Amino acid sequence: MSTENKQIKEVIINEEFSDLLRKNKLKITQPRLRVLEIISEKTSALSQPELEKIVGKDIDRVTLYRILGSFEEKGILHKVFDLNGTATYAICSTKCSAHHHHDQHIHFICSVCNSVYCLDEVSVPKINIPKNFSLHSIAINAVGLCDQCNNAE
Ligand SMILES: [Zn+2]
Ligand SMILES: [Zn+2]
Ligand SMILES: [Zn+2]
């Protein structure tokens, strides 16, 4: 890809993310755009320590923590716990809105590298809950080997 094409692509992506922030009434800041860019580039979900490693000194820990919190609250990101119980973050489907997540899909977690993947096309089954219980969310994880770990065998 030529430098010019690459620049055009970056502008388009930035505009998309700026729109997303605007739509969610969040101020457009470089750290917010950067976090969106990093998470959307990855096929697997990212934990805060992993994000910290990627952003380095560009975004301090507290700012990053607040960004993730506000993105989750606005329905931009959803949280998934990996096999160690560490929170990882993945981009939400466009159906999510503030305080209303609709990420009713199964997550695949690799038992070797602990990577978390959204299986967007696999929806969770309808679950009958006891009378007078109310359901807020369902978390179903499929555990196995990801393609990379499978190839490393
Ligand atoms: Zn969501
Ligand atoms: Zn793996
Ligand atoms: Zn997901």
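Placed from the backbone N, Cα and C atoms, the Cβ positions cover glycine too.
TrEMBL labels come from automatic prediction, so no person has curated them.
What TrEMBL annotates here:
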BINDING   HIS100  Fe cation binding site
BINDING   CYS110, CYS113, CYS146, CYS149  Zn(2+) binding site
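For the Zn(2+) site, the Cβ centre of CYS110, CYS113, CYS146, CYS149 serves as reference, and the other residues of the chain with Cβ at most 8 Å from it are SER111, VAL112, ASN114, SER115, LEU145, ASP147, GLN148, ASN150. In the three-state DSSP assignment, the secondary structure recorded for CYS149 (Zn(2+) binding site) is helix. Under a cutoff of 8 A between CB atoms, and with a sequence separation of 6+ in the same chain, the neighbours of CYS146 (Zn(2+) binding site) are SER44, PHE108, CYS110, VAL112, CYS113, SER115, TYR117.
Under the DSSP three-state reduction, CYS113 (Zn(2+) binding site) is assigned to coil, being neither helix nor strand.
Cβ-based neighbour count (10 Å, all protein chains) for CYS149 (Zn(2+) binding site) stands at 15. With the fewest other Cβ atoms inside 10 Å of its Cβ, the least crowded of the binding-site residues HIS100, CYS110 in this structure is HIS100. With a cut-off of under 6 Å between the Cβ and any atom of ligand 2, the binding-site residues HIS100, CYS110, CYS113, CYS146, CYS149 reduce to CYS110, CYS113, CYS146, CYS149.
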